[in-house]
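First up is the structure itself, then whatever we jot down about it.
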Protein chains: 4
Amino acid sequence: MSTNSFGRMFTVTTWGESHGPALGATVDGCPPNVTLDADLIQVWLNQRKPGQNKNTTQRREADLVRIMSGVFEGKTTGMPIQLMIENTDQRSKDYSDIMNKFRPGHADITYWQKYGIRDYRGGGRSSARETAARVAAGGVAREAIKQIAPNIEISGYMVQMGDRKIDRSRFDSEAIHQNDFWCPDSVAAQEWEEYLTWLRKEDHNSVGAIIEVVARNVPAGLGAPVYGKIDTDIATAMMSINAVKGVEIGDGMAAASLTGRQNADEISMGPDGPEFSSNHAGGILGGISTGQDLVCRFAVKPTSSILSTRKTITKSGENTEIITVGRHDPCVGIRAVPVGEAMMACVILDHLLLHRGQVGENQGPIG
Amino acid sequence: MSTNSFGRMFTVTTWGESHGPALGATVDGCPPNVTLDADLIQVWLNQRKPGQNKNTTQRREADLVRIMSGVFEGKTTGMPIQLMIENTDQRSKDYSDIMNKFRPGHADITYWQKYGIRDYRGGGRSSARETAARVAAGGVAREAIKQIAPNIEISGYMVQMGDRKIDRSRFDSEAIHQNDFWCPDSVAAQEWEEYLTWLRKEDHNSVGAIIEVVARNVPAGLGAPVYGKIDTDIATAMMSINAVKGVEIGDGMAAASLTGRQNADEISMGPDGPEFSSNHAGGILGGISTGQDLVCRFAVKPTSSILSTRKTITKSGENTEIITVGRHDPCVGIRAVPVGEAMMACVILDHLLLHRGQVGENQGPIG
Amino acid sequence: MSTNSFGRMFTVTTWGESHGPALGATVDGCPPNVTLDADLIQVWLNQRKPGQNKNTTQRREADLVRIMSGVFEGKTTGMPIQLMIENTDQRSKDYSDIMNKFRPGHADITYWQKYGIRDYRGGGRSSARETAARVAAGGVAREAIKQIAPNIEISGYMVQMGDRKIDRSRFDSEAIHQNDFWCPDSVAAQEWEEYLTWLRKEDHNSVGAIIEVVARNVPAGLGAPVYGKIDTDIATAMMSINAVKGVEIGDGMAAASLTGRQNADEISMGPDGPEFSSNHAGGILGGISTGQDLVCRFAVKPTSSILSTRKTITKSGENTEIITVGRHDPCVGIRAVPVGEAMMACVILDHLLLHRGQVGENQGPIG
Amino acid sequence: MSTNSFGRMFTVTTWGESHGPALGATVDGCPPNVTLDADLIQVWLNQRKPGQNKNTTQRREADLVRIMSGVFEGKTTGMPIQLMIENTDQRSKDYSDIMNKFRPGHADITYWQKYGIRDYRGGGRSSARETAARVAAGGVAREAIKQIAPNIEISGYMVQMGDRKIDRSRFDSEAIHQNDFWCPDSVAAQEWEEYLTWLRKEDHNSVGAIIEVVARNVPAGLGAPVYGKIDTDIATAMMSINAVKGVEIGDGMAAASLTGRQNADEISMGPDGPEFSSNHAGGILGGISTGQDLVCRFAVKPTSSILSTRKTITKSGENTEIITVGRHDPCVGIRAVPVGEAMMACVILDHLLLHRGQVGENQGPIG
């Protein structure tokens, strides 16, 4: 019942602090005989790692992952896979300000109130660095999915930065990897670039974002009533990411504005099985996948560590002010994209394995 | 690892189908010596039960709950509490249409694809009737909370029906119980009434809604990194409710549009501890409660069972049409309000007990 | 994390007290499309039910099980199966003695110390009646096993009553069902009969027993390191039965006396796969089944409710004496036989489903 | 649901193989503010580590533990504690024999049958080296117990080697640490020394053992019905240790031979609460601690890796013979003593935390 674990069949426990010796993920339940080595995981970590461009934190971390167990001669053995990333750029600095004051919008105050102790160096366990462990675990999940359901594709991208949204009519999946923002709309990406530069340099501010993650070619039948719904598990996974404040499946909050006729995706028979006239449902009905694309979105709040003066209190209860100097992401949502993809991969693998255990194989062929 | 269970310390397993002999909840982990009898639970069930006014389904269910175990001489014993609600209005009717066709927007097709069998009478386990068991379990949670943290108040209400939102400047908590919609804005309630009547009678349609649930006087320190965050658990709880497509904490999806200066709630010292200049965070930082109001919202999609003709397929894969005759909610979001409250109560009790087990008592007094 | 639940994939939560309105089991994770009705479960309950002969408690309970959910038209649906047994023979009597005094050897004192409240009527939740729910759940497990691995046979029997052991050279599996003791040695059964009659009538005493449960035709590959070992799960299951004080796998405690040469079962190749020269291991190596018979034994202590005077204390801490008048089993081990079988069935089904989820199919064919 | 994890509140996940780069334990749920450093854990690891005397394996491992997370400035933070032990003595040798043949009595064959892949170097995950991780986790548990219930003492010792038992009349707790066998009877220890030397040098054989673990000053009230019983959890913990084939609580299997009058421990009122005339129950009634000593025993089978020729088969199904050359324990039970202590510590801490979460504090004072 570890509160640092998620997943039923594919169980990931992340551990480690921002400024401790290392962090990582203990991954249990990966099927045996999956091809795996550190390089296959590293490729995903490289997408998330800091210091890659001027739009993310300037902390420099190699984020090199080592596989400490569970792999033998390039194949998983079915045993726990220990993934370890050593922290290298733990810049020595003066923490006295953070040590005694609580940063507004930060977990500083709640960790203190709950535990009576906190690792004040860089946020400890509440740091976004924890998500590196998720990305590593997601890398394992992807390799296992490749073996079980090789057609599944998972794609994440940013659809909104601050109040600037992409124009869906300009959606171009190739653009996603051609800008610093995982933005499928290259025009929007250009505007975001200018906006973020101003925000960072002039305004000493940060901004929120919305990320969308889509999984294609997911077989029908994944998920289970009523607390094992795959949409519930996706929501759980995404909401557990640092700074996430909202999660949507399919039409999400906008579903409230629809009528029944608008919302229900009509069904017809296609050459390969049921087809749907639309995907308001985000690929999930009754918590179980329909075979359509799984679609989710999540909102990431703006980084609270900013170069502006904010009112706060000290541990001894005195009113004071704080300004957070440091190497922080002006839009932490950018680096949340590979994290969202990784969480989606973990959820899908978990449900592929769970489904196999529950019903053996698809039970209800249509037609 | 039952997929029909939720909660770590206060564990609720719901069971039962819409048209079976009964449904209920097996509730484990309720502390001993909590005052409890069926009447204390019934009061909440009465709020959710169908057939109370013309805006909800006309199915008539007494929804009488019986306590089958775990209570002795009016007190809980610490043993599992079995709550059972017998189904009484299982109207015999012709199911042949539903039996062979899949209703668009329904779990019909996914249950069939996953299990190869489904209880087609009224949706079986995917029916909104399952939420009666949640409300009953929530009633137990409320009595236990009363003993552990008696100041906690949980309040749910509708803030949007279709695209019609309440006007927050007219927010009146007393209005909530004075209309059929749990609407805190009596002007909006009047408009919704007219709109829903038209939708039901003229348009043969249904509509979605957004519900907000607030918990007041929740102590600081509930929640735990990183997959035991109280916001994650709230999201999990709400997303597991039938027809929910999005969940928000605090500013939710709108947090994406904010800058860091706008979003971070500033802190000052008040007479009873830390105070915050605002509550964009929804009472949660780093997954742990701050002592502010916990605020969440969730969107409920429109009922897919409507009196309009829709395209679909049969089990044997033929294209056809369906029209769902029956006693369905034109806005199922209305009856989701007490369900949302119940889920919030379960999550809070769970975290009160978990916190006690984890750290004994609040560890970090401020000032 | 309900402490009244066991099983990973096939999860059983038992509920109910000895003298409440009912008791039962909430069973989740049964695969869909398993043939099931109440009669198929009742047959096993009838084997355990009290009052069948003079060697068990004279309490009369019909122990009729009702299926409240999860079965539709004679087939399981994959949804939770609620099994309910109403208590009928709750004889009204004077509980004042038990209410204020603690029976030596009983859970009276520990339930009081832990919970500060207890259902003193017949032991509440600590009563052996709780095992009826296990037997009912085991009935479901057996039907599911029949579908997945139809050759598996589970057989329980008593091998020792008090210090009187069976003679293994007289082992006759047909004898098991021809006496009141599930004894495979009809000569021993006759001696036990005489001994127990004397113990009950003359000595006003009770006695312990050892039960052996064997599962045949279990496929190789069930179980998982290192806390999901099938032997660990069998030990967990058996030790959780009321009054059990010891559990053995294969040679059990006697393995301590063996040397490595004596203990290790040699392997040779047979027509259908590996064969073993002996079965000291009880069919399990490294926590994973070998394909040999699974063999376990457990010891049941003597009933502490006896007609003899015993020293004890009252709730207010005064020294006193107690004599337990009532309808108690002189050897509760007898009725533990079907319980042991039921637990074995639950563990095996759980591992069949888990294995399917973990590795899809057997991975390592030999030869 | 990791099958490599145990514990509800204090959750330990062990990982790593005998001959991989490292092994360790991911420990979650340790309360914050517990004094902890590597030295406090190392002291226990040193008791288990190999190569300390001629009676255990001659493999030389420093077994140095590193704390990778969860501790800040010498105190636990409430975050996951990662304990890592690097493998240093991975002697390069010819594994061709083990790679293709299955050692009788070993997990070789079952791992192969289940996973279709196994790390044949030294047994991989089925090696007794896995228990080093348990001992490290137990070290954390001991420090937390020290803070919560400082009077608790845990003591393990060997009571039988082969068929040679200690004489309980010579029991001397100081002797335990004065011989290589954790033997509380120094006369027996001398005999065992001679016997084991002969077994190892002359007979090329190994032998089993029985270990007893006692916990003193455990408060009443730990444990919970009916699958959260503390005796069930002790059985689970001990049975999960490599090579364990039987577990007993209190009188254990011998309870079968007792009558009700002999078995039930009578109760009287002492100056500090209830006192018992004896401890047949091993300190547990109804799965909940009584305040008496917790007493358990477990049997460890003889090592199957012996220098004698044994019949077996190859992966391709041919009959053959094998002789296991290597550095193996002639009586692996010796090094199981600190492992048993560690498991007891983990179970007790888990129940201390669970009890606190369940009932806040002891509810039912007597007298």
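Backbone N, Cα and C define each Cβ position, glycine as well.
Where the annotation comes from TrEMBL, it is an automatic prediction and has not been curated.
In TrEMBL this protein carries:
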BINDING   A:ARG48, A:LYS54  NADP(+) binding site
BINDING   A:ARG125, A:SER126, A:SER127, A:ASN242, A:ALA243, A:GLY286, A:LYS301, A:PRO302, A:THR303, A:SER304, A:SER305, A:ARG327  FMN binding site
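Counting other Cβ atoms within 10 Å of each Cβ, the binding-site residues A:ARG48, A:LYS54, A:ARG125, A:LYS301 show the lowest value at A:LYS54. The Cβ of A:THR303 (FMN binding site) lies under 8 Å from the Cβ of A:SER206, A:ALA243, A:HIS328, A:ASP329, A:PRO330, A:CYS331, A:VAL332, each of these being in the same chain and 6 or more residues away along the sequence. If you take the Cα of A:ARG48 (NADP(+) binding site) and the Cα of A:SER127 (FMN binding site), they are about 14 angstrom apart, rounded to a whole number. Fewest Cβ neighbours within 10 Å among the binding-site residues A:SER127, A:SER305: this applies to A:SER127.
A:LYS301 (FMN binding site) sits 20 Å from A:LYS54 (NADP(+) binding site), counting Cα to Cα. Cβ neighbour count for A:ALA243 (FMN binding site): 24 (other Cβ atoms within 10 Å of its Cβ, all protein chains included). Proximity to chain B, defined as a CB-CB distance below 8 A, holds for none of the binding-site residues A:ARG48, A:LYS54, A:SER127. Checking the binding-site residues A:ARG125, A:SER127, A:LYS301, A:THR303, A:SER305 against chain D with a Cβ-Cβ cut-off under 8 Å leaves A:ARG125, in sequence order.
Cα of A:SER127 (FMN binding site) to Cα of A:LYS54 (NADP(+) binding site): a distance of 20 Å. DSSP gives A:THR303 (FMN binding site) a coil state; it is part of no helix or strand. A:LYS54 (NADP(+) binding site) and A:ARG125 (FMN binding site) are 25 Å apart (CA-CA, integer value).
Note: the Cα of A:LYS54 (NADP(+) binding site) and the Cα of A:SER305 (FMN binding site) are spaced 17 Å from each other.
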